[in-house]
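If you check Swiss-Prot, you get these features:
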- 30-41: compositional bias 'Acidic residues' (COMPBIAS)
- GLN72: glutamine amide (MOD_RES)
- 25-44: region 'Disordered' (REGION)
- 1-22: signal peptide (SIGNAL)
Amino acid sequence: MAFLKKSLFLVLFLGLVSLSICEEEKREEENEEVQEDDDQSEEKRGFLDVVKHVGKAVGKAALNAVNDLVNQGEQ
């Protein structure tokens, strides 16, 4: 009976250790995914900033061109 108890405790202990290791690996994978998502959102944010600046420049150029045409038409 004592042998059976020791075997059972050993099996439970090893199962608990393996479960703990699996949970730790799962947490690490989730953290890596979160970091990848953060990196991707930063890249998107950087891309949108570039698009915004280009849009402003194009808008200003178009506005200046329209103003020049209007001023030429008035003269």
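Cβ atoms are placed via backbone N, Cα and C, with glycine included.
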- Query: Just how many other Cβ atoms lie inside 10 Å of the Cβ on the residue listed as 'glutamine amide'?
  - Reply: 8
- Item | Tally of residues which DSSP labels helix, strand or coil - the compositional bias 'Acidic residues' (30-41) | 12 helix, 0 strand, 0 coil
